[in-house]
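Undergrad: Structure in structure tokens, see below.
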Amino acid sequence: MTYKTQALVAAALMTFAMSSQAADPIKIGVSGPYTGGSAPMGVSMRDGVKLAVAEINAAGGVLGRQLQIVERDDEAKNERGVQIAQELINKEKVVATVGYANTGVALASQRFYQEAKIPVITNVATGTVVTKQFEKDKDNYIFRTSANDAIQAKMLADEAIDKQKYTKVAILADSTNYGQLGREDLEKALAAKKITPVAVEKYNLKDVDMTAQLLKSKQGGAQVVLTYGIGPELAQIANGMEKLNWHVPIIGSWPLSMGNFIDNSGKNGNGARMPQTFIQDGNTPKRKAFIEAYQKAYKIDRMPSAVSAAQGYDSILLLAAAIKQAGTTDGDKVRAALESLNTKVEGVVTTYDKPFTRDDHEAIKAGSVVMGEVRNGRVVLGK
Amino acid sequence: MDILLQLVFSGIALGMIYAVIAFGYQLTFATSGTLNFGQGEALMLGALVGLSVVGNIHGGPYLNYWLMIPIVLVFGALQGMFVEWIGVRPAIKIKSEFGWIMSTIALAIIFKNVAENIWGKDDLPFPMPISGTPFQIFGANVQPMQVLVVIGALLIMAAVELFNRKSIYGKAVVATSNDRDAAGLMGINTSMVITFSYALSSATAAFAGVLVAPLTLTGATMGAALGLKAFAVAIIGGLTSGMGAIVGGLILGIAETVTGFYISTGYKEVPGLLLLLLVLAVKPAGLFGKTAIKKV
């Protein structure tokens, strides 16, 4: 090889390396349950995230770079979530992570991001402590775009006691972190109204017989069943009520809107009410476009969990806005930008105007959550 | 009073499911001295195959519930023969005491993974063949499907017992279970009898699967817990007695619902398992079991 060709090859390699560096994508981790009982939440969340990423990339990306998601199935298992967190941070070198449908997995995994100074936007899990885990640290890297349990528990109590005028309530909560933390919030919200539940019952995931729990509630004279759990077991509760020929309303936390509750409970699930940040109903142009894009991209009519899809979509918009404002992908600067977003971000749940501050990492405030109701296999706005 | 009755009725329906699976454990134990630890998975596969036929998941429904049952029975029998052929026969051949334990557990895990890939990891609803609206007996609510579960479970156990007592093939099974070596010397093809007992045991489990599926949800993970509970039932009732399976099942089922109501739902599984420990300590052959004397 002559000197001249050598120089040419070197120059060519240099330009290649530089151009590939300029086009280096921004890696974003996505961790959620894509299989098992929580799958409707995880899958919808991921699909919402993908839609947002595709839209941003089609418009030229962020900072001139494309967004690239690295998705992992945490199977709703805490230990799996921890493994994935370490992999995403150390091996994939993600800039930020969005996801977590399960409160337990979020609590177990976030520690690693906090230590690595990488922001996390939890977009589905609702446990009240999720964003408060590192309150005492200098900076808190955990943000959220879902309605937390304190908001939801208060809504459940308002709906059952103030609006529907029930005085005797029973609580059925599952034995996971999610169910038990939610039950505490719910009992607090009820206590504020001077209501003591006539029965507070627990059940395990995969339980198929709810007779004992429901009979106790019925014996206590409950006029309404308040639930804190996830789809399949909620369906067992609705079906168990049919078995006992005991028909009182079900009001519960937001997973009552999940496809696997609606499908597995069939007509027994009709009338169940739950707080929703988003209902699959195109009542604004932005929402209509989002729903249509989702239906077209994934070839389905009903979203398995519309709330998760919408919150997943919005979490990416917020993250992209923050990276743009920070002008870099440095975790600390992105966190600071999230805490002081100076542009309005128009999402599908709501329009975010300074959604986060240094002390408040919750994007969803009490006012923007509505009551949904299951009617004939769909979730509609409850009246 | 109707509370207790309600709990007992739910317990009976639950207990009969345990009893059918426990009965399956007994069938293979009697003839070969081995157990299929994948009984729960046999139930799960039966339920999912049934769902593919009567549900709308794989382009169906193809047949109605009642016509689907023979298909599931045949499938269960073939699955049982496969387990025996691949997991148990080699262990018996080399006179390994415990090889079959690991191989049947291994097969159970493989079946679960295969099912997860075919039917997914989600729980699916199973269409109910008869109305789900409960009727009242003495003030307690009972679903027609729960009655069907109890009747179906009793029928299949009675059919197997009748077959064993009356038919010449059944007598070969009984002879093998009494003394395998002697039966072999009398010209009975004992290894065929053992294969047959595996086919029968998996077929009953598959049948139990389609019986219970309309009441519970159907999914790849439904077998594990039921299989374990049924094993406890088989031990409580005695591994050699069909009657023991029924009584053991009823005890465990009723104990669960009653404990759940009167003590705590968090502890509902404890009394049954305490009973298991008690039975093992006091009468290791089970409540209805014959004490076998093993000469060495």
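Here the Cβ of each residue, glycine as well, is placed from N, Cα and C on the backbone.
What TrEMBL says about a protein is an automatic prediction, not a curated fact.
Note that the structure is a prediction, hence the values are computed from the model and not measured.
Annotations per TrEMBL:
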| type | residues | note |
| --- | --- | --- |
| TRANSMEM | B:6-30 | transmembrane segment |
| TRANSMEM | B:65-86 | transmembrane segment |
| TRANSMEM | B:98-115 | transmembrane segment |
| TRANSMEM | B:135-160 | transmembrane segment |
| TRANSMEM | B:181-200 | transmembrane segment |
| TRANSMEM | B:206-226 | transmembrane segment |
| TRANSMEM | B:233-254 | transmembrane segment |
| TRANSMEM | B:274-293 | transmembrane segment |
Undergrad: Spell out yes or no: are there three or more C-beta pairs under 8 angstroms between the transmembrane segment (B:233-254) and the transmembrane segment (B:6-30), with each pair 6 or more apart in sequence?
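TA: Per Cβ check, the transmembrane segment (B:233-254) touches the transmembrane segment (B:6-30).
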Undergrad: Residues sitting near the transmembrane segment (B:6-30): Cβ under 8 Å, six or more positions beyond its termini, same chain?
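TA: Same-chain contacts beyond the flanks: 36, 39-40, 42-43, 84, 88, 137, 140-142, 146, 149-150, 153-154, 156-157, 160, 173, 177, 194, 197-198, 200-202, 204-205, 207-208, 211-212, 215, 226-227, 229-231, 233-234, 237, 239-242, 244-246, 248-258, 261.
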Undergrad: For the transmembrane segment (B:181-200), could you work out the same-chain residues 6 or more beyond its ends whose Cβ comes under 8 Å from its Cβ atoms?
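TA: Sequence-remote neighbours of the transmembrane segment (B:181-200) are 24, 27-28, 30-32, 36, 76-78, 80-81, 83-85, 88-89, 92, 160, 169, 172-173, 175.
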Undergrad: What residues elsewhere in the chain lie close to the transmembrane segment (B:274-293), defined as a C-beta under 8 angstroms and at least 6 residues from its ends?
TA: 232, 234-241, 243-244, 247-248, 251-252, 255
Undergrad: Taking a Cβ cut-off under 8 Å, which residues six or more beyond the ends of the transmembrane segment (B:135-160) line up next to it in the same chain?
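TA: 1-2, 5-6, 9-10, 12-13, 16-17, 19-20, 23, 27, 128-129, 200, 204, 207-208, 211-212, 214-215, 242, 245-246.
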Undergrad: Same-chain Cβ contacts of the transmembrane segment (B:65-86) under 8 Å, 6 or more residues past its ends?
TA: 28, 36, 38, 42, 45-46, 49-50, 53-54, 103-104, 107, 111, 127, 129, 194-195, 198-207, 209-210
